[in-house]
Amino acid sequence: NLYQFKNMIKCTVPSRSWWDFADYGCYCGRGGSGTPVDDLDRCCQVHDNCYNEAEKISGCWPYFKTYSYECSQGTLTCKGDNNACAASVCDCDRLAAICFAGAPYNDNNYNIDLKARCQ
């Protein structure tokens with residue numbers, strides 16, 4: 001769920017507030033359209049697409065689905081006791097948090113004009 005995703009981001013990018021990722025580029029945060037502005041925004045586009053795939057599992061609601069995972073020294077592991085939906089959502093969030101850690105953060109892409117830049 002979103003609370004767990006926030007904590008995964010804190011695990012892989014402890015130097016930044018997770019809020020920094022809640023309104024970034026065209027895809028980080030609510031919705032998503034147009035061309036991603038950079039690598040970090042591409043991480044969010046992939047995450048959005050991953051959630052769309054997870055939603056194809058019967059009764060799977062990625063934003064609310066809780067799952068079992070572990071954070072140890074910046075390394076995320078999804079636990080084996082997750083059902084198909086939980087495993088899928090956990091992996092979406094894990095891969096996005098790892099992607100965030102490897103992508104440069106450009107302050108100019110925070111809280112951008114979506115209408116102007118994300119067509």
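Yeah, the Cβs are placed from backbone N, Cα and C, and that goes for glycine too.
Residues or ranges marked as active site in Swiss-Prot (evidence: a curator's inference): H47 (among others). H47 (active site) falls within a helical segment according to DSSP. Within 10 Å of the C-beta of H47 (active site) there are 22 other C-beta atoms, taking all protein chains into account.
As annotated by Swiss-Prot, active site applies to D93 (among others), with the evidence given as a curator's inference. In this structure, D93 (active site) is part of a helix by DSSP. Other C-beta atoms found within 10 angstroms of the C-beta of D93 (active site) number 27, with every protein chain shown included.
Using a 10 Å radius centred on the Cβ of Y27 (Ca(2+) binding site) and all shown protein chains, the other Cβ atoms total 24. Look at Swiss-Prot and you will find Y27, G29, G31, D48 tagged as Ca(2+) binding site, backed by experimental evidence.
A simple way to gauge crowding: the CB of C11 (disulfide bond) has 20 other CB atoms within 10 angstroms, across all the protein chains here. DSSP assigns C11 (disulfide bond) to a helix. The disulfide bond annotation in Swiss-Prot covers C11-C71 (among others), and the record cites experimental evidence as its basis.
Annotated disulfide bond per Swiss-Prot: C26-C118 (among others), in sequence order, evidence recorded as experimental evidence. Sequence-distant contacts of C26 (disulfide bond), defined by Cβ-Cβ distance under 8 angstroms and a gap of at least six in the same chain, are G32, S33, G34, T35, P36, V37, D41, Q45, I112, L114, R117, C118.
The disulfide bond feature in Swiss-Prot is assigned to C28-C44 (among others). For C28 (disulfide bond), other Cβ atoms within 10 Å of its Cβ number 24.
Using a 10 Å Cβ-Cβ cutoff, C43 (disulfide bond) registers 25 neighbours. Residues or ranges marked as disulfide bond by Swiss-Prot on the basis of experimental evidence: C43-C99 (among others).
Neighbour count (other Cβ atoms within 10 Å of the Cβ, all protein chains): 18 for C50 (disulfide bond). Per Swiss-Prot, disulfide bond is recorded for C50-C92 (among others).
Same-chain residues at least 6 positions away in sequence with a Cβ under 8 Å from that of C60 (disulfide bond) are, in sequence order, A54, A84, C85, S88, V89. Taken from Swiss-Prot, the feature disulfide bond covers C60-C85 (among others), and the record attributes it to experimental evidence.
Sequence-distant contacts of C90 (disulfide bond), defined as residues of its own chain at least six apart whose C-beta falls under 8 angstroms from its C-beta, comprise Q4, Y67, S68, Y69, C78, K79, N82. Per Swiss-Prot, disulfide bond is recorded for C78-C90 (among others).
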Query: Taking Cα-Cα distance, which of the recorded positions C43, C44, H47, C71, C92, C99 are within 10 Å of Y27 (Ca(2+) binding site)?
result: C43, C44, H47
- line: Reading the DSSP string in three states, the entry for C28 (disulfide bond) is strand
